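The following features are taken from TrEMBL:
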- 12-34: transmembrane segment (TRANSMEM)
- 40-57: transmembrane segment (TRANSMEM)
- 69-88: transmembrane segment (TRANSMEM)
- 94-114: transmembrane segment (TRANSMEM)
- 123-142: transmembrane segment (TRANSMEM)
- 148-168: transmembrane segment (TRANSMEM)
Amino acid sequence: MSAEPRQSYKSSVWFAILLIVLGILAISLPALASIGVARVLSWLILFEGIIQLVYAFKSEGVGSKIWKLLVSVLYIFVGGYLLVHPLIGLAGLTLMLAVFFFIEGITDIGTFIWSRKSVGSEWLLLHGIVTLLLGVMIWKHWPVSSLWALGTLVGISMLLTGLTRLMMGLKGRRLVDSPA
C-alpha cells in the first residue's frame, strides 16, 4: 500500500481534530466567535469594494464607470464601517439569521403538510419546528442574542463537521489498512 492514501487520511484526521477544537472554542466563547464572524464578513465586504473599484476604472463609458464607482464606494464604506462598529454588523447578521430560520421553519412545516405521507417526513416536521423555534428565540432576545447566536451556531457547525470528518477519516484509514 502506498503512503499517499495513509497520509491523506492522517491529514483528514488532523484537520478534523482542529475543527473539533475550534468548534468547542466557538461554543465556549460565543460572543468572541460571533464578533469574529462579523469581522470576517466586514473584511470580505471591504475587499469586494476594492475589487469593484478596480473594475470601475476598467469600465467603458462614463455612466457605467460612475455607477460602478458609486457601488464600490458603498462597499468600501459599509465594510469599513462594520470593521469599526462590529456589533452593529453582528446585530444585523443575527436579525437576518432569525428571519432566515423563521422562514425555513415555516417552509419545512409546509413541505411536511404537503408530503406527510412520504417515508421519513416526520423528520422534516421536527426540523421545521426546531428551526422555527430557534428563529423565534433569536428574534425574541434580539439584539442580546447577537452575542451568542452566530458564534454558537458556527461552533456547532464546526464541531459537527469535525466529528463527521474524523469518523470518515478513521473509517478510511481502516479501509486502507485492511488487507485486500
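Placed from the backbone N, Cα and C atoms, the Cβ positions cover glycine too.
Counted over residue pairs separated by six or more positions, the transmembrane segment (94-114) shares at least 3 Cβ pairs under 8 angstroms with the transmembrane segment (148-168), which defines the two as touching. Below 8 angstroms of C-beta separation, residues 12-13, 15-38, 90, 93-94, 97-98, 138 of the same chain, each at least six residues beyond the ends of the transmembrane segment (148-168), sit close to that stretch. Sequence-distant contacts of the transmembrane segment (40-57) (same chain, six or more residues past either end, CB-CB distance under 8 Å): 65, 68-69, 71-80, 82-83, 86, 89, 93.
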